[in-house]
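Novice: Sharing the record's features from TrEMBL:
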| type | residues | note |
| --- | --- | --- |
| DOMAIN | B:13-239 | domain 'Cytochrome b/b6 N-terminal region profile' |
| TRANSMEM | B:46-66 | transmembrane segment |
| TRANSMEM | B:109-130 | transmembrane segment |
| TRANSMEM | B:142-162 | transmembrane segment |
| TRANSMEM | B:174-195 | transmembrane segment |
| TRANSMEM | B:207-232 | transmembrane segment |
| TRANSMEM | B:264-287 | transmembrane segment |
| TRANSMEM | B:374-392 | transmembrane segment |
| TRANSMEM | B:412-429 | transmembrane segment |
| REGION | B:529-555 | region 'Disordered' |
Amino acid sequence: MSALAARRRHPLATALIVLLGLLVTGVGYAAVMPSTADASTSTASADDIEQGKKLFLANCSTCHGIDAEGRNQAPSLIGVGAASVDFQVGTGRMPLAMSGPQAQEAPVRLSDEQTAQLSAYVASLGAGPSIPSQDVLDPEAGDASKGAMIFRTNCAMCHNAAGAGGALTRGKFAPNLDDVSYKHIYEAMVTGPQSMPVFPDTTITPDEKTDVIAYLATIRETPNPGGMALGKLGPVSEGLVAWIVGLTLLIGFAVWLGAKSS
Amino acid sequence: MSDSAINKVGATTGNWLDERLGASGVVKGFSRKVFPDHWSFMLGEIALYSFVILLLSGTFLTFFFVPSAAEVVYDGPYTTLAGQHVSEAFDSTMHLSFEVRGGLLMRQIHHWAALIFVVSMIVHMFRIFFTGAFRKPREINWVIGMILAILAVVEGFLGYSLPDDLLSGNGLRIAQGIVLGIPVVGSYVSFFLFGGGFPGEAFIPRFYTLHVLLIPAIMLALITFHLILVVVHKHTQYPGPGKTNSNVVGFPLFPIYTAKAGGFFFIVFGVTALMGALFTINGIWVYGPYDPSPIGAGAQPDFYMGFLDGAVRIMPGFVEFTVWGHTVSPNIFLPTLVLPGLMVTPALLYPWIEAWVTGDKREHHLLDRPRNQPTRTGLGVMAITLYTLLWISGGNDIVATHLHLSINDITHVLRVIVFVFPPLAYLITKRICLGLQRKDREKVLHGRETGRVFRTEEGEVFELHAPLSANDRWLLVGFDSPEPAQALPATDSSGVRRPGGALEKVRQKISKFYFEDRVAPVTPAELAEAHHHGDHEEISASGGGDEKHAISSGH
């Protein structure tokens, strides 16, 4: 009997097996899963990361912590990736101006260069989604009809079929997508900001994300065929127009017709 | 042709027609028929004309719409739908909207006309209710009107479901949920309606037949009957000088109303066409084809169904319970079937309820001013408040996003105020009415306040009141003001026991609720007394005939 076999019932053997199992799973997972972090980490220089760290300490660390591991309400930023920073800071949501149900779009407070440096620093903390390249953001490269189907199935339930936005619980909301840049739409899909779920490349492939962008570009650029869109909100605004515009006009005419006699 | 030749041709043609149709009597009778003139009498006309517009534009739509759920691939010009699998109903609606000349305009006119149809019916009903035009002999016409309104809602919902787009499919799914919510038989009714599982392929042709044939035919018959009754009963009129319960003051049908009504039809058509041209309605190209898996945020029914959706949205879920292993779930049944039943039934029966309370068996052709029936007006505003709150609840997501509120807070608040606000609205409205009545009394007794304040040499301060003209005064005193029913002795003068009993006691209680705090119109005796009283304060310095009131004397 070998020494190994003799110790197979040692109390630590189970712990060792579990440890080995975890290691194998972890290494295997890392090997199989595509890493999306290389794009930003590879292009960012050490200097950028250094500058980004300074920016982080000055603007973000109050809530997210000096080590970016998160505090009470602010999440850890390790592994959120450059795309997340680019989205949150690039749309003005971060640094957060005031607490509320959710961070809202606001005037952007960092320059593009500073945002890039901050993104580089956060990306250096752990692998995460990178900032999308220009070729996946080109609406011309996507299939708008396919994008419409993907949008209808995955996005319309919160953002409304026309991307006009909608309400979520407790004052949170899915914003209107009319003025959101394609880069930020793509980043939102891969990072899932606020209440939005993450749509990783395994669920919606980069090509399909380009299709969604192609769909949004088409409905943005197509003039509304039916006249004024009434906020693309559907029957609620239509009902209000019927009461306010239709009824007011018709009663106005009725008063005019009825006034001539008396 | 000379004038005499034209006359001769006209006479010959007229005579030819008259000998075959006997039309001259009808034309003569009708053309001299008098209708009173008021803008609020034209609200029902708007509904009538909208119905005609719906028939005309709807006929156009049927030329292109294919009522079939068969699956086809969309290959039309709208790029974001290219190559998608859609039903023939959706495909033909897209074809109609984008490839048929004027098709989208016609669709939008049809849909706007449908909304205006219901809006005008609702407002017409307000006019009838608040002026008491439902009273004898018009109770049946009130009921017909209510049935027409309910049919219009059903008809609208069927039409909304036909294009088979995502929004209508979501709406249909909710309707099916309501059907499933009917206790015991729900699932059978659903299977019967949809010809199997949801959505199936049967509903589009079925809904189509109901939408273009059965319901419009019933509505047309009811509208005809509704209008015949208007002619039979003659039109009501607002009180005023020379207007009594047994005459109609107004203008003849020909030429005045033929011109006015004919012109108004074109105005209504014009406004509807303008709306169809300017405002998008039901953009199915944005919603896309129906598929039971996705749903769009902001999915709502058309406004007239909004109150039902709203009732569901604020219904708490805890009413669900289990009996002997069976889940009983009234949380859809209560808000969508019981609640509308509770809202519609009293409205349907209201003419009889009020007649029973007042014990009034007379015919009424003179309308009430809403303030002179404070309890009725209050009840009407209470109903409107409830409907409006439920309607707001139906759009709670839009309210949340646009007013930056939490949808949960809106729901919690609405759950409370839906019970609190309607009675509050009743009380406030009734108080306003009573206040206005008191002001009317004051005006009759002491004249109109002129705002000119005088002080006599003795230091007495008074305001000059101008007396009302006889016509103005008549309007403020000449109305019915029922008194609360008095408890009568159990036996009459001959010692015979009175009929009634418990029910009569209930009637007295309701009558008390209605008329207890009534403000009675000024009687001639009171008027004479007031004038006499006013004479005491006559001073030579003031203008001739004006009545004065010393502020110090307590007026």
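Glycine is treated like the rest: Cβ placed from N, Cα and C.
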Novice: Over the span of the domain 'Cytochrome b/b6 N-terminal region profile' (B:13-239), how high is the average pLDDT in this prediction?
Specialist: 92
Novice: Out of B:109-130, B:174-195, B:207-232, what stretch is closest in contact terms to the transmembrane segment (B:142-162), meaning most Cβ pairs under 8 angstroms?
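Specialist: So the stretch in question is B:207-232.
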Novice: Which residues of the chain, 6 or more past the ends of the transmembrane segment (B:46-66), have a CB below 8 A from one of its CBs?
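Specialist: For the transmembrane segment (B:46-66), the far contacts come to 88-89, 91-93, 95-96, 100, 103, 106-107, 109-110, 113-114, 116-117, 120-121, 124, 162, 208, 212, 216, 219-220, 223, 227, 264-265, 268-269, 272.
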Novice: Is the number of Cβ-Cβ pairs under 8 Å between the transmembrane segment (B:374-392) and the transmembrane segment (B:207-232) three or more, considering only pairs separated by 6 or more positions?
Specialist: no
Novice: Taking a Cβ cut-off under 8 Å, which residues six or more beyond the ends of the transmembrane segment (B:412-429) line up next to it in the same chain?
Specialist: 310, 314, 316, 374, 377-386, 389-390, 392-393, 396
Novice: With Cβ-Cβ distances below 8 Å as the criterion, list the same-chain residues six or more beyond the ends of the transmembrane segment (B:174-195) that contact it, or say none.
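Specialist: For the transmembrane segment (B:174-195), the far contacts come to 157, 161, 201-203, 206, 301, 308-309, 312, 328-330, 332-333, 336-337.
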